[in-house]
Amino acid sequence: MAKVKSAYFCQECGHESPKWAGKCPSCGQWNTFVEEVITKEQSSSGYQSSSKRANKPVAIQEVESTSEARIKVADRELSRVLGGGIVPGSLVLIGGEPGIGKSTLMLQIALQLSNLKVLYVSGEESAQQIKMRADRMEHDSKNCFILTETHTADIFREVEALGPDLLVIDSIQTLHSPKIESAAGSVGQVKECTAELMRFAKENKIPVFLIGHITKDGAIAGPKVLEHMVDAVLQFEGDRHLTYRILRTTKNRFGSTNELGIYEMMQNGLRQVSNPSEILISQKDKNSSGTAIGATLEGNRPLLIEIQALVSPATYGTPQRSATGYDNKRLNMLLAVLEKRGGFRLGIQDVFLNIAGGVRVEDPAIDLAVCVAIISSLEEIPLSSKTCVAAEVGLSGEIRAVNRIENRIAEAEKLGFTEILVSKFSMKGVDTSRYSIEIKTFSQLSEVVSYLFG
Ligand code: TYD
Ligand code: MG
């Protein structure tokens, strides 16, 4: 008979404690401990076959290399984000807000992989609901199977009977393992179910995609350990009112983490967006002040992004500063630089900043574009729609070099810009004669200001 034991788990970070505590010693959050009953079996072995075979040490040169064995996916965006296809036996977690399109994305991928047998396990929707969604995406896959089940033991039984090449779990928070007595979605359950799926994936070399819910502050619900257990963590994000969706990696054991996939939510599913710059800047009105185009890089991908700024006199006491898609602290820093080094009286102005298209940019190369957009709005002088910028701004108002400037220049040229403003220090060893776009170099913010705004 199994011995019943209970423990307290922090719902934020998954810290386990034998006693309740007000404050989690691991993550410092208050009132996050919840008692969960765990049934410890004597010979606990998550996925049943693990006890049958004990691994032996192997010399590294004898370990089979599996680098070429990736499963090719037709979806180029997903393929790029994963680092070039799906790695057999990998466990991939996809997080995102409710309604953002996680189920749509995974079902679409499942249907596209028509030469593979895919099992889509749903604990959230009925088979009819999934079928309705599948019907909207015109497809002809006969190899996609739907299972509405939440008990891991039943799922593994069906998996063994069907023998799929790929498994999708929608969502990890709905799964329930009989080994743990707490409710589905609790830290203990999520951890245990993920561990079972991981063992399954590794032992059978079958890739598993897990859909995960996220909490209010954007982290994947469930313990942090979940992110350590899986091989890759993808975030599916975007503004729900806009149609663009961005798939980004926050962890990837088999590739780079700064790759980005862009989709557009259509009536018949998600469409891959192969040239995002065109969409992100297509709505620019030639004569409006306060917009600037920044040449950024997301992973290996150059992306021209429109930055919109609105500067208006503050009517109430403390001026407001708010940024969407951009770091607020960084905005405050740039405002201070503009005030101190550029002599712009921004201390009495409300400043709002928005990155068009619902994208979030962390590339410092966007700094100069942010500054230029703010000055353009403050002075009410529109910028030429054929000009774009790529440089970092330092605390003393210096224009700093950014990496891979040639990719940015080439992309700007491709999109029909006639002028790009960069740092003087970016241009070492760059052959400017290769480009027809005019490359203007600067070393101080004040030079840029007098060049653009006279
Ligand atoms: P869904 O995949 O259910 O989101 P999640 O699993 O992340 O909660 O996405 C639902 C949204 O997507 C819903 O608001 C409708 C929209 N949608 C489309 O616009 N077109 C489509 O073809 C599909 C299937 C969904
Ligand atoms: Mg869903």
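Quick reminder: no glycine exception, Cβ is built from N, Cα and C everywhere.
Annotation comment: TrEMBL describes GLY96, GLU97, PRO98, GLY99, ILE100, GLY101, LYS102, SER103 as ATP binding site. Residues annotated as domain 'RecA family profile 1' in TrEMBL: 67-214. Here TrEMBL flags 350-454 as region 'Lon-protease-like'. Sequence annotations record features per position, and here TrEMBL assigns motif 'RadA KNRFG motif' to 251-255.
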GLY96, GLU97, PRO98, GLY99, ILE100, GLY101, LYS102, SER103 excluded, remaining Cβ within 8 Å of their centroid (ATP): THR104, PHE236
Remote residues contacting the motif 'RadA KNRFG motif' (251-255) - C-beta distance under 8 A, at least 6 residues beyond either end: 82-84, 87, 90, 227, 230-233
SER103 (ATP binding site): tally of other CB atoms within 10 A of its CB: 23
Filtered binding-site residues, from GLU97, GLY99, ILE100, SER103, whose Cβ is under 6 Å from an atom of ligand 1: GLY99, ILE100, SER103
The motif 'RadA KNRFG motif' (251-255), counted residue by residue under DSSP: helix, strand, coil: 0 helix, 2 strand, 3 coil
Packing count at GLY101 (ATP binding site) (other Cβ atoms within 10 Å of its Cβ): 22
Rounded mean pLDDT for the residues that make up the region 'Lon-protease-like' (350-454): 91
Composition by DSSP (helix, strand, coil) of residues within the region 'Lon-protease-like' (350-454): 45 helix, 26 strand, 34 coil
